[in-house]
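Asks: Shown below is the structure under consideration.
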Amino acid sequence: KFRGTGASRAISHLTMLACRCLWPLLLTVASCQLLPTVRQIGGQFESVHRGAASNWVNYLYVYSFVEKANLTQAVRLQVASPSASREYPVLFVVRQQRSILSFQVPEILDGDRRYSDVSRTLCPVEDASKGAVDKNQTIYIDVSTASERPVEFTLNVTLVREFQLHIDRTYHQTITPSRPKYFKAVFPDGARRLSISAESDKPDCMIMSAQSVNCPVYDLVRNVEFAGEYQTMSTRAELTVERSSINGDSFYIVFVLKPSSEHCSFTRLNDLQPRVMADVYKIKPPIATTATTLSAAATETTAAAVTGALGAVSAGPTSKAFKFRVSVSLDNSQYYLPVFGAVAFFACFHILAAVVIYAQQRLEARSSGDQSELSEDSESCDRLNCGADDAEDDGCADYSATVGTWRPLPQSPPTHSHERWRHKYAMQAVPMTTSKKQLGSGGHGESADLDEEELSSPGEEAEARQPIMAEFNKAAAAAAQAAAAAAAADEEGRPRRLYLADLCQKRPALLRNKYRLYYWYLIIISIFYGLPVVQLVITYQQILRISGNQDICYYNFYCARPLGVISAFNNIFSNIGYVALGLLFLGLTRRRDLINKRRRALLGDREDNRGIPQHFGIFYAMGIALIMEGIMSGCYHVCPSYSNFQFDTAYMYVLAVLCMLKIYQTRHPDINASAHVGYMAMAIVIFVSVVGVVYGTSFFWIAFTIFFILSSLFVTGEVYYMGHWKVDVGLARRFYLLMSSQGIGCFRPMYKDRMAILAAANLINWTIAVYGAISRPRDFNSFLLYIFLVNLLMYTAFYVVMKVRSGERIHLQPLFFIGLSCLTWGAGLYFFMQQPSNWALSPSESRALNQRCLLFDFYDVHDVWHFLSAMSLFFSFMGLMTLDDDLVRVSRDCIPVF
């Protein structure tokens, strides 16, 4: 019994011991049946390998090659699996000596775009980690999937033998969103900068990036913007890389195609920026160059055909063919000729001005016996023979209806002429400025008059007008008989012409202090406006350098010459003409001011009633504005964009308004706008320009068109009545009384020549307004600047025509300046219309407009515009300064107002 029990226990112990020994073996067998089978295959370059992976069959491809010690080689993988699904993708893991890469097929981009054909370039071994001899390299590629059903795939591995690019050689390539490419560029000895230019016939959105030689390389759609410098490209792009901005003497050039064109448009920025279609502009076709195709292109084409046969599925842009070229850019030493050439060119203006002034002084010294300029007798009015027709008395002579002959007007003191005009013209309800007698009364002295003029000049003029308006209103409201008598008196002896003496009654000291505020205000405005501008553009430049996003600034990348931290030094330096010629104009204005002061000191009151009143405050402001235009334009070109466009054009508005104010001031010295009113009007203009660009809606264009037409009518009335009219709530009542007293005859123009010219000017302005309301140009800033330039041109032409019609002469000197200004304006506008960039477009569309350099391989067409516009503004200023030199010895009683 005991013996049987012991045997049973022994058997049980043996069974348990056997189970313990066999259990690991059973687990091993079971696990071997659950793990997938790994098929290891020796891979061959330039061959297409096919397989069918599943959750129980994986693949391991092993590739070996010899890494050359003196040559950088890259390995490119191309895989495809059209049957792979989003739920069960095929996973590829690539292991190298010092890095690992993984990706899946299909590749999902932008959330819903599926690409079954994927390509990757493996990061090459860096030069620093290479030895002095060749070395064997091994690449392991694991292929797996979680799908229970077999998923077919293809694999092709190639060596990119011309991975390192040659300088000045054109390469043709084709990429897709899932098949990016990159290459290596090396700085030649002595080269500081390399330029990579790319062109394509297809407008699909691509990103071109320059990155330091590091692993991993950011060559995917989702991370290409994480490193280096990059810019978007539709049809053209150029990227300049400096040796100092990268680590080492080489860098990678990465090309990535975006799945959609949204990245190259303003689709995501519609609320902030305008959008203009690229086909509005004429984009030049790419230049023809000698092409060299990479050696691996044929293999890639074959692989693409194989994967195409498998039916790869993708969405969005399928592919983009382009060509690119790497070339050496200008060195800093090559900047000397264009930079110092521009300095020497504008220095010649200063030298020539000094020579002319010196020659003029010597000529005056030799003819010192001729003291005609210091003669006390003014030229007679009969020198000014106007060409007015019989229907209009618009000249310097009065037509006598009784004898039908022309007779000169008798000369009379300014005060007498003024009082006579005010007494007779009061019946027309045209306000008149304060007379000399009124300004002189009070006994407070010059300082008291000055304070009153500066603090309350609008109220003072209103007070002077009130008695005249009250007298008219009372007489007109009394009875029709009084109105008829007033009309009869008006027809008998009302003068139809104003003379400068009528509008030159205020003391010169008051006016000089009034117009001196123009340049003092401008200096203060420039300081407060300029300092934040400088800070802002420096911040823009720092963001550009740190982020590497070159879409921030709208350069002409085909001719962007960097220097230090400045990306486009040529566009900034080309504004030197504004500064140089602005300083020269200030110097010439100061010289003329000193001559005028010396003449006043010699002649005293004898000179007060002759010639155009010499007030140089607006001239000084024009010179300062010209200098500031150069400075602000330079600030704008540090990083040109739609956010800071007003930096470049604000002072162009100021210059246009100052020129028109100066022309008006010439013959309306007492009633010209004060400095604070003028600059407030300029501020409104700049505000409208900003609103027009940022919020160019239909409501804005309707409001702007109405405002523009009303402003044109107001300025027309101001010019036609020579400043002696008033727009207030009583305007409609006065018009009704005038119609009641004179009937339809009040519409008969009193100044027919002036009315004809102003009607033509209004027709042009209304045409511009209607064109803007219909077409709605995207670049509202330039549209508004054109309006000011056209109106300045029309007002200048009006002044010149009326001057000639009045029988006045134009000396050769102003004719010379006017001719030069017309030539330079015409040439400058031609280059301005070329537009090598446009911030109203998206960055990639703007780059399609980029143009090569025009002068010294340094200055582009916009730089030439800077040079020519600076000269044209200077010549225009000199023309305005010397236009009325023929009236220096003419009595102001004989100088007509228009």
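Keep in mind that glycine also has a Cβ here, set from the backbone N, Cα and C atoms.
These numbers come from a predicted model, not from an experiment.
The feature signal peptide is assigned by TrEMBL to 1-32. TrEMBL lists 335-359, 517-538, 572-589, 616-639, 645-664, 676-695, 701-723, 755-774, 780-802, 814-833, 864-883 with the feature transmembrane segment. Residues annotated as region 'Disordered' in TrEMBL: 435-463.
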Asks: Going through 572-589, 676-695, 755-774, 780-802, 864-883 one by one, which has the most CB pairs that fall under 8 Å from the transmembrane segment (335-359)?
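Replies: If we count Cβ pairs closer than 8 Å to the transmembrane segment (335-359), 572-589 scores highest.
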Asks: Counting CB pairs under 8 Å, which listed stretch among 701-723, 755-774, 780-802 touches the transmembrane segment (676-695) the most?
Replies: 780-802
Asks: So, do the transmembrane segment (572-589) and the transmembrane segment (864-883) meet, by the test of 3 or more Cβ pairs under 8 Å (sequence gap 6 or more)?
Replies: yes
Asks: Do at least three CB pairs under 8 A connect the transmembrane segment (755-774) and the transmembrane segment (616-639), leaving out pairs fewer than 6 apart in sequence?
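Replies: The transmembrane segment (755-774) and the transmembrane segment (616-639): touching, no.
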